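J.: Below are the features I grabbed from Swiss-Prot:
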type	residues	note
BINDING	Gly9, Ile10, Asp11, Gly12, Ala13, Gly14, Lys15, Ser16	ATP binding site
Amino acid sequence: MGIFVVIEGIDGAGKSTQAKLLAKWFEKKGYEVILTKEPTDTAFGKLIRKLVLTGGREGIIDGARISHEAEALLFAADRAEHVHKLIKPALESGKVVISDRYFYSSLAYQWARGLDLQWLIDLNRFAVRPDLVVLLDLPVKESMRRINGRSIKTEFDKIVELQKRVRENYLKLAEMFPEIRIVNAQNSIEDIHRDIVGLVEQEILSGI
């Protein structure tokens, strides 16, 4: 089997940057790496990206609203394709898979939108559990500063409140799932990368 690492965190935490740096680190060590993300680039993923842009309200597609439950099911459908067509085959062939977000994002965000946590967990039971989940923890105030230049289509105060709930949920999930390790995302990019590499060496490579 291969190695499966997930990078999680609220918006602006630096997930994509750290996922790319970790992929390069593994490649330098001679591993074959698959760098992926959720939502994916499949039809499901593209549909979800349209939903995500609407923020904390119910998703809107072509003017029609869908419920948070329907949104959660779309995320799960996209994830099922992701797991069965990319993640499982890559791991079975001995590759390293690094994912920018995974089902923990669904738990944190959709729980913050009022859905039942246990229902969300049950909905994602098919998902392969990673060897390590790096939670890049960042205060919401800093998150908002970092993403201020991005295109935001919802009211600022609603985004702040949602991100606060999501951050709280991530920290609660870290107490529930032993594979989650917290890294301070306020540090420099280099220091964060060093912390992540340390976790990979300690939690995964030391046992190989």
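Note that Cβ sites are derived from N, Cα and C of the backbone, with glycine treated the same way.
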J.: Inside 8 A of the center formed by the CB atoms of Gly9, Ile10, Asp11, Gly12, Ala13, Gly14, Lys15, Ser16, which other residues of the chain have their CB, for the recorded ATP site?
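T.: Checked against the 8 Å cutoff, the neighbours are Leu136, Leu138, Ser143, Arg146, Ala185.
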J.: Could you list the residues of the same chain, at least six apart in sequence, whose Cβ is under 8 A from the Cβ of Ser16 (ATP binding site)?
T.: Lys37, Asp100
J.: If you skip the near sequence neighbours and keep only those at least six away, which residues in the chain come within under 8 angstroms of Asp11 (ATP binding site), Cβ to Cβ?
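T.: Expected: Ser143, Ile147, Gln163.
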J.: Let me spell it out: for each of the binding-site residues (Gly9, Gly12, Gly14), count the other Cβ atoms within 10 Å of that residue's Cβ, using every protein chain shown. Which one has the most?
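T.: When each Cβ's neighbours within 10 Å are tallied, Gly9 tops the list.
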J.: Just counting, how many other CB atoms are there within 10 A of the CB of Ile10 (ATP binding site)?
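T.: Neighbour count, Cβ to Cβ under the 10 Å cut-off: 28.
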J.: Take the Cβ of Ala13 (ATP binding site) and count every other Cβ within 10 Å, whichever protein chain it belongs to.
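T.: There are 25 of them.
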